[in-house]
Protein chains: 2
Amino acid sequence: MTRQIKLGAFLPGGGQHVAAWRHPDQPADGATSFEFHKQLARTAERGLFDAYFLADGLAVAFGGGTEGGNAKVAGFEPVTLFSALAPLTTNLGFIATASTTYEEPYNTARKFASLDLLSGGRAGWNVVTTASDAAARNFNLTKQPPHATRYRRAQEHVEVVKKLWDSFEDDAFIRDKKSGVFYDTEKMHFADHVGAHFTVEGPLNVPRSPQGHPVIVQAGQSEDGRKLAAATAEVIFTAHQRLDTAREFYRDIKTRVTANGRNPDHVLIMPGISPFVGRTEEEAREKYERLTSYIPEEDGIALLNALTGGTLDLTEYNLDGPLPPAPETEGNKSRQALLRQIADENGFTIRQLYQWVASARGHYTIIGTAVQIADILQEWFENEAADGFNILPPWLPTSLDDFVALVIPELQRRGLFRTAYEGRTLRENLGLPIPINRYAADHPTIQAAE
Amino acid sequence: MTRQIKLGAFLPGGGQHVAAWRHPDQPADGATSFEFHKQLARTAERGLFDAYFLADGLAVAFGGGTEGGNAKVAGFEPVTLFSALAPLTTNLGFIATASTTYEEPYNTARKFASLDLLSGGRAGWNVVTTASDAAARNFNLTKQPPHATRYRRAQEHVEVVKKLWDSFEDDAFIRDKKSGVFYDTEKMHFADHVGAHFTVEGPLNVPRSPQGHPVIVQAGQSEDGRKLAAATAEVIFTAHQRLDTAREFYRDIKTRVTANGRNPDHVLIMPGISPFVGRTEEEAREKYERLTSYIPEEDGIALLNALTGGTLDLTEYNLDGPLPPAPETEGNKSRQALLRQIADENGFTIRQLYQWVASARGHYTIIGTAVQIADILQEWFENEAADGFNILPPWLPTSLDDFVALVIPELQRRGLFRTAYEGRTLRENLGLPIPINRYAADHPTIQAAE
């Protein structure tokens, strides 16, 4: 089968752009409206997206510049929201972000296994570490743990969760009413994990779904983040503005994956794209400028600070001047580096930088017609820069509707995107294999040991 | 309005009775089938139950006597499952059990607030402490914390969660697109909690639902459990075999509630009932004996041990003799006392005891016609022993179907049960008030302070 583009849809109900909620089309209460998320999920499924993707935070996000101007103060917890959307859809995957920093792996394993089971194998877990002092203060700490500690804990957290997901082999359940044997005790397994951060005996009290494990997703750009992604991720979200840096990242990750003894085809790299789609280029440009006009200066400054975990306070600087140099911090390193790169490459002032990132928070903003957008996606896809894309419509539902109505058909015409779902599970649609249970007789390392 | 009976439905997909899964009517895979849970939720809503209720455990429950005979080894995590069932129903409440022992209050607050929001105000939280060494071993410990410690942590956990649920006042969201003011910063509140077990700043990043807070449910019978219930619970599940002990409990709790300055009408006491309903008494009795015949001896013994948190190992005893005396333990005290009471009052042997508790795990098993069952419910309801009942159908879907088809209409004929839902939220149906936000100007303590 020909290789095709995979697509995630990043659809926070309040819209992605910092001022999305002020757009006339956008329901102002979208972030907390279940009905609106239902509509978005159905549109994404109509557009044959692989998955609906949501970020998450363990504190009120982005304090805002303008008093009370922050529309992202409140929303749903992603796993509960996706659990509610799953029965209302049939093929769409659901990739929920959850922190490894402030959760216990037994609880993480359970909630994702449960979502995966009730959705018939459509769950994914976007593994993150939580870089925020505000979140730390919601979990008995005063400051976030150091970057390296968070990543070590993250790696072990994922390891424990994956062990727990294999607690029952797929044929463990016999359920013979006559003999009274419900399950084969030889096919239930204890994790017996003892590590630096966690001691977890298992087994997990949730069985595997039709896709085996929820899909593991990761988005770190830093050295620690890349290591974690290369070791564990099956889908990698990333942010690039240019083909050459995207290709560099793609090559680096695929090389690391191979070095880890993993198949590089089973790790999909998906840069984020924020599309302003117009029937003409002018129309697309007008859409961009209209949204930009809704950003108050204070919110623009606050946004840059929030994106870097509070390490880029530009309140005292001239907005029409350049970015000042930055100190080494424990904040979100990859985001700070990315912002500087965008500013450097485009010669942006502080104002231009916040206007640019306001729509996609560091992802690639493309302003153009369906043909122009499809050209870029095709170029990246065919030149080892991407296996797919995470689409971040700047405001909702309009820019999602535009993408589904205009860009999807253009990609389909080029044979670059499916015209029907390949299967019912997220793995089937992404073309990822079902992980063989680590304790099963057909597991390669078990066969090798015999 | 006349006082009416409130009804919860305890519907684990695998059935309540320890051998339920072996019954021909019961889908053997019910515990892990989302479709089956969907059917149960719809039947419960057709029966106008106030809420669907689920227990929970943080380890594989009940090791079982017969190797592999335990049908309760795996199932769904309740909050994800209920999130999925909520959009498929319109009035039914959802009361999920969640532990205060191995979760952080910020996470607990979020997931319940999220379920409450997406269901339009139909969530309840059954607050428990986790009494199990097996669970402790899934959370970095070797043994469960002492009983008193667990209860102190539980009380503080609930306190923090309730503070977090009030983070936003109901009129905090202005969402004025023109001015750019999304929320009133005066109406967002920090919990600023500093306690023995938790330090949590807040605010929570989820708003309140139409019912204000999820309903707080509690089920402890021990002294610590009663204190916690009297201080925080709005619904109390309890287990009684006899009218006099039920009345004693009812009076004790209502007195404690009043002493805490709370309105006793706003704390509903709901004993559990395991009904075997027949069109004749003989038919009901046959149903009971049929299910009982499916219990292997080893499972019966293991069940008694599991119910008491592993403190009642009867392997070495004559099953046709009496219960041996018990030591003081850190296990589940209320359960052990209850089992002894049942055995004493009925003169049960060990075998008869496990047969009896197998259907309802300590709750009141009633075997009879709809009229006989309604008589008992009415007697308890009218004699200060109960405000409602938690119905635990022994196997599924049949004993739920029986209850809905036979007992509900009998209660309705007597004017004891609703013929239509009173409202859309769980609080409206239970007749419980919406908690006034603790930070709001119309809160009584705030008015008093002015």
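Glycine too: its Cβ is placed from the backbone N, Cα and C atoms.
TrEMBL labels come from automatic prediction, so no person has curated them.
Record features (TrEMBL):
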BINDING   A:Asp56, A:Thr97, A:His147, A:Tyr151, A:Ser222  FMN binding site
DOMAIN    A:19-353  domain 'Luciferase-like'
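Note on the binding-site residues A:Thr97, A:Ser222: the fewest other CB atoms within 10 A surround the CB of A:Ser222.
Within the same chain, residues at least six positions away from A:Asp56 (FMN binding site) with a Cβ under 8 Å of its Cβ are A:Glu77, A:Pro78, A:Ala96, A:Thr97, A:Ala98, A:Ser99, A:Val128. The predicted model assigns the domain 'Luciferase-like' (A:19-353) a mean pLDDT of 92. Mapped onto three states, the DSSP output places A:Tyr151 (FMN binding site) in helix.
For A:His147 (FMN binding site), the count of additional Cβ atoms within 10 Å of its Cβ stands at 20 [all protein chains shown]. Binding-site extent for FMN: residues A:Asp56, A:Thr97, A:His147, A:Tyr151, A:Ser222, maximum pairwise Cα distance 19 Å (rounded to the nearest whole number).
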